[in-house]
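Swiss-Prot lists K61 with the feature active site, proton donor, giving sequence analysis as the kind of evidence. For D9, K31, 59-68, S115, 166-176, 191-192, the entry in Swiss-Prot reads substrate binding site, with the evidence type sequence analysis.
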Amino acid sequence: MPKLMLALDVLDRDRALKIVEDVKDYVDAIKVGYPLVLSTGTEIIKEIKKLCNKEVIADFKVADIPATNEKIAKITLKYADGIIVHGFVGEDSVKAVQDVAKKLNKKVIMVTEMSHPGAVQFLQPIADKLSEMAKKLKVDAIVAPSTRPERLKEIKEIAELPVITPGVGAQGGKIEDILNILDENDYVIVGRAIYQSQNPKEEAKKYKEMLNK
């Protein structure tokens, strides 16, 4: 069965920590992005990890030249267990992050195809090549969309790597459409459906139970 990853895209530190406290028994990892980190600072990652003792992934979708990617990785992986990067910038930029991560025993997760409708314009046409590149570079995992189950399946088969898949919940992705594609090494990302709900704890529990079927 795949694991559950919470996308914690809130802006307020206290609210973020309250949600983490509420859901920590039902999520396997937490993903933080620019909204929370730009609002509160990178140390929020350390606070979250201390509170829940779960893997915390920095979803910064790093997409710069190798020298800049290296600097971003060094700052981020001081606290985070892994970092998400874009692959379209090329092998050298991804390798720069991998070099930092390897020294710190941290993870690099590479985007192949995103979950929103606009991803079909430019990312989807190159997603298969990005999946091949991810396999070649032996990144730790890839990002592929739950909103397009057929693409999730194709990308996973090409890359032969663990997948973290966004889009379940608010974006319309359904767990029942992807469960047979995923295995115990994969993560399903749920964000707004949990953190915007009246009861994040109950929603997290519900999604965890759905994954355990």
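If you go along the chain as it appears here, the first residue is 1 and each next one adds 1.
Yeah, the Cβs are placed from backbone N, Cα and C, and that goes for glycine too.
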| Given D9 (substrate binding site) and K61 (active site, proton donor), what distance in Å do their CA atoms have, once rounded to a whole number? | 14
| request: Express the distance between the Cα positions of K61 (active site, proton donor) and S115 (substrate binding site) as a whole number of Å. | output: 14
| query | Among all the protein chains here, how many other CB atoms are within 10 A of the CB of D9 (substrate binding site)? | reply | 17
| query | Of all the binding-site residues given, I65, S115, G169, G173, G191, which has the fewest Cβ neighbours within 10 Å once its own Cβ is left out? | reply | I65
| Within 10 Å of the Cβ of K61 (active site, proton donor), how many other Cβ atoms are there? | 16
